[in-house]
Amino acid sequence: MNVLVVNAGSSSLKLSVLGEGDEVLSQHHVERWEGGAVELPDDVPEVHAVGHRVVHGGADLTEPVALTDRTRAEIERLTDLAPLHQPRALAGIDAVTALLPDVPQVACFDTAFHATLPPVASTYPLPERWRRRWGLRRYGFHGLSHAYAARRAVDLAGGGSRVVTCHLGAGCSLAAVRDGRSVDTTMGFTPLGGLVMATRSGDLDPGLLLWLRDRLDPEDLDDGLEHGSGLAGLGGRADLRDLREAASGGDVDAALAIDVFVHRLRQGVASMVASLGGLDLLVFTGGIGEHDAAVRADAVRGLGFLGVELDDSRNADLDDGDTRISTSASAAGVFVVEAREDVEIARGVRRVLG
Ligand SMILES: Nc1ncnc2c1ncn2[C@@H]1O[C@H](COP(=O)(O)OP(=O)(O)O)[C@@H](O)[C@H]1O
Ligand SMILES: CC(=O)OP(=O)(O)O
Ligand SMILES: [Mg+2]
């Protein structure tokens with residue numbers, strides 16, 4: 001079965017066709033994607049099924065589902081919980097429906113992997129009546145990437161029960177994975193929480209939001225938190241490559257942006273380790289996780305108290321492919337794994353369609 005995978009992220013659109021054994025038959029990436037209509041390239045091989053990455057599945061969509069008018073409507077209803085992402089997934093679904101009306105489609109959810117969070121990790125200390133009325137809870141995101149990266153690292157290491165996965169792309173999140181199940185994560189009710197991201201703030205003091213609420217129009221507050229914060233808010237550039245270049249030219253704001261990013265990352269990893277009661281494997285994935293050796297080195301250097309130790313030359317010169325970057329003396333294995341949400345999605349499609 002050839003599966004077309006549509007991964008509409010906040011900064012990129014990734015289309016791939018996976019054949020038997022997840023062989024990549026075709027690939028088409030749009031970086032710095034602004035959203036809008038999704039166009040399929042003309043040279044796509046024959047496709048028997050389509051899988052979409054959908055960021056929010058809410059409380060009910062915790063497994064991949066066949067797309068029907070009803071499941072599409074459920075996805076659309078969750079738009080206000082992921083306003084940056086959900087419309088992009090819907091654009092992908094609608095484009096495929098128009099172009100390949102007879103091909104079955106399946107939606108796979110970023111939230112699904114985190115459906116196993118224990119109440120202690122998913123419950124917000126908010127009034128009971130609010131939680132009951134709106135189902136307020138930590139959902140967590142990037143689950144397709146975390147699930148794949150954790151499994152891949154365990155395969156490469158030949159075992160490991162307590163795994164922390166770092167998905168560092170445009171959106172960034174961490175997951176604490178025990179025996180293949182997510183038990184904690186940094187993102188929350190929406191993909192705005194947790195780590196510092198390209199343009200999103202991550203966690204803030206809620207009192208700061210109340211203070212801003214009294215001074216800004218609601219649209220400006222939304223826009224500032226979603227599009228004007230994070231690396232862009234600190235260093236004027238959303239892309240870490242641009243920040244590195246500016247910082248090396250002496251731009252102190254760009255340098256501080258990177259330092260704040262790494263500081264929060266290191267804190268976040270330690271908090272995931274605390275949720276797991278220890279660490280067997282630490283995994284980096286996503287555009288930053290895969291390509292920025294200094295982020296990995298700086299984050300891990302600050303975690304020396306956990307006994308984690310990088311092999312500097314392995315970290316600096318990654319051969320092609322997924323690899324271990326820790327020393328043999330390191331208390332936990334550290335790995336870099338290519339983000340393959342497409343493989344995880346194709347797996348979900350095959351499971352649903354048999
Ligand atoms: N060579 C690189 N060095 C440092 N950062 C990089 C590099 N390549 C990509 N990135 C970072 O990765 C981000 C994109 O990550 P990616 O996972 O591809 O995005 P998305 O979250 O849209 O899937 C970019 O915004 C940039 O900050
Ligand atoms: C959930 C999320 O933040 O996704 P992305 O990294 O694609 O923006
Ligand atoms: Mg991504």
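Our numbering is plain: 1 for the first residue shown, then up by one each step along the chain.
Heads up, the Cβ atoms here are built off N, Cα and C, so glycines get one too.
As annotated by TrEMBL, active site, proton donor/acceptor applies to Asp110. The Mg(2+) binding site annotation in TrEMBL covers Asn7, Glu341. TrEMBL lists Lys14, His167, Leu168, Gly169, Ala170, Gly171, Asp239, Leu240, Arg241, Gly287, Ile288, Gly289, Glu290, His291 with the feature ATP binding site. Here TrEMBL flags Arg53 as substrate binding site. What TrEMBL lists as site 'Transition state stabilizer' is His142, Arg200.
Listed in sequence order, the binding-site residues near Asn7 (Mg(2+) binding site) (C-alpha within 10 Å of its C-alpha) are Lys14, Arg53, out of Lys14, Arg53, Ile288. The recorded positions near Arg53 (substrate binding site), taking a 10 angstroms Cα-Cα threshold over the set Asp110, Leu168, Asp239, Arg241, Glu290, Glu341, are Asp110, Glu341. Counting other CB atoms no more than 10 Å from each candidate's CB, the recorded positions Asp110, Asp239, Glu290, Glu341 peak at Asp110. Looking only at other Cβ atoms within 10 Å, the busiest spot among the recorded positions Lys14, Arg53, His142, Arg200, Arg241 turns out to be His142. Among the recorded positions Lys14, Asp110, Arg200, Asp239, Arg241, Ile288, the ones whose Cα is located within 10 Å of the Cα of His142 (site 'Transition state stabilizer') are Asp110. Ranked by how many other Cβ atoms sit within 10 Å of their Cβ, the binding-site residues Leu168, Ala170 place Ala170 at the bottom. In three-state terms derived from DSSP, Asn7 (Mg(2+) binding site) belongs to an extended strand segment. Glu341 (Mg(2+) binding site) and Asp110 (active site, proton donor/acceptor) are 10 Å apart (CA-CA, integer value). Of all the Cβ atoms in the protein chains shown, 23 others lie within 10 Å of the Cβ of Asn7 (Mg(2+) binding site). Around Ile288 (ATP binding site), the C-beta neighbours below 8 angstroms that are at least 6 residues distant in the chain are Leu168, Gly169, Cys172, Leu240, Val295. Closeness to ligand 2 is met by Ala170, these being the recorded positions among Lys14, Ala170, Arg200, Arg241 whose Cβ falls under 6 Å from the molecule.
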